[in-house]
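Straight from TrEMBL, the features:
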type	residues	note
BINDING	His203, His239, His272, His308	heme b binding site
DOMAIN	43-157	domain 'DOMON'
DOMAIN	166-364	domain 'Cytochrome b561'
SIGNAL	1-20	signal peptide
TRANSMEM	204-222	transmembrane segment
TRANSMEM	234-255	transmembrane segment
TRANSMEM	275-292	transmembrane segment
TRANSMEM	304-324	transmembrane segment
TRANSMEM	340-364	transmembrane segment
Amino acid sequence: MCRSILFSSILISLFLFSSAQSCNNYAFASNKVFSSCNDLPYLNSFLHWTYEKSSGTVQIAYRHTGITSSRWVAWAINPESKGMVGSQALVAFQKSDGSMSVYASPVTSYQTQLQKGDLRFAVLDLTATYSNNEIVIFATLKLPSNTTTVNQVWQDGPLSNDSPRSHDVSGPNIQSMATVNLLSGQSGTSGAANSKIKKKNIHGVLNAISWGILMPVGILIARYVKVFEFADPAWFYLHATCQTSAYIIGVAGWATGLQLGKDSPGIQHTAHRTIGILIFSLSTLQVFALLLRPKKEHKYRLYWNIYHHAIGYTVLVLSIINIFKGFDILNRSDDKWEKAYIVITGALAVIAIILEVYTWIVVVRRKKSADAEKLPHGMNRTNGFNGYGARTQNGV
């Protein structure tokens with residue numbers, strides 16, 4: 001049973017973590033068609049383009065999905081390096097009156113407020129649209145001759161009084177840069193960046209399977225399957241198998257997260273990291289507590305049960321909270337994975353409610369049956385012997 005759950009969980013999680021929106025076959029409302037496209041690895045962004053090498057002209061459409069009207073977006077080419085300073089940016093946002101603001105902005109320092117200005121290359125037909133929480137920037141760029149590979153940077157941030165304000169300086173916002181070959185269409189994300197994305201996905205899959213699915217299933221088995229007398233002691237071994245599998249897979253996911261933190265200096269997700277360490281510590285205590293599990297008749301068994309249940313439910317709650325924090329870190333602008341996990345946890349919650357009701361029905365029936373068996377033979381609980389009431393010594 002637990003193996004089947006584990007296999008199904010892996011398939012579900014792999015499906016969830018591979019379901020990000022693709023740029024292929026995207027239909028623009030303006031009916032524009034581009035010859036190439038890239039799914040950018042951060043901030044739920046996509047770049048479409050058509051490049052004419054002979055003229056050095058590239059028509060681009062930069063899409064940023066899952067964005068609200070209170071935020072700005074930007075896409076840029078940096079002729080000098082792979083960083084932010086020196087970028088030649090195209091900025092767009094929806095103003096408070098509903099109209100779109102789109103303009104060019106050269107980035108000369110880290111303290112930039114994205115002021116309007118001329119770029120190092122000509123920009124033609126610059127427009128932008130906002131619809132269904134998606135901003136699209138259209139433009140035609142006249143690049144230097146023989147340009148094939150460019151450094152690109154993309155970004156988003158908050159607005160204040162129709163003016164861009166500083167973006168976040170952690171997570172995806174400082175990782176959103178790559179190169180792109182305009183001829184081949186090959187994504188220029190560096191090997192290190194690709195490796196980091198792979199580690200993020202592995203980290204997410206392992207933790208979703210372990211703390212997010214296997215552990216709740218193990219708890220359901222311990223609480224409800226043991227109600228069935230024929231399931232004793234099978235329920236215990238199922239419970240132990242699920243929880244041990246969850247712990248082993250979860251430790252692997254935790255270690256991957258620590259490695260991600262080590263590979264990303266300057267990037268801090270303090271709450272997510274702290275909760276993860278706490279989950280690991282409490283779970284490790286649970287594993288060692290199994291070695292000290294008293295027998296059923298032992299006088300300390302009650303206290304051990306209280307400890308075991310309290311720590312178990314604490315780990316469960318912290319795990320669910322941290323998984324949602326992980327979704328937020330992984331891709332703040334795309335909530336598909338988060339919604340899918342809500343469906344999974346919601347289904348487990350519904351199953352738990354149904355089993356809870358059934359368990360109470362079984363327990364109440366057993367208690368009534370046990371109480372009836374304790375009464376003297378032929379006596380019910382209201383009418384004395386044989387239903388005729390108790391007799392006095394005089395036979396009255």
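Using the three backbone atoms N, Cα and C, a Cβ is placed for every residue, glycine included.
All features noted in TrEMBL, drawn onto the structure.
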residue: His203; record: heme b binding site; Cβ neighbours (10 Å): 22
residue: His239; record: heme b binding site; Cβ neighbours (10 Å): 21
residue: His272; record: heme b binding site; Cβ neighbours (10 Å): 19
residue: His308; record: heme b binding site; Cβ neighbours (10 Å): 16
The domain 'DOMON' (43-157): DSSP-derived helix, strand, coil residue counts: 0 helix, 67 strand, 48 coil
Max CA-CA distance, Å, over listed heme b-binding residues His203, His239, His272, His308: 27
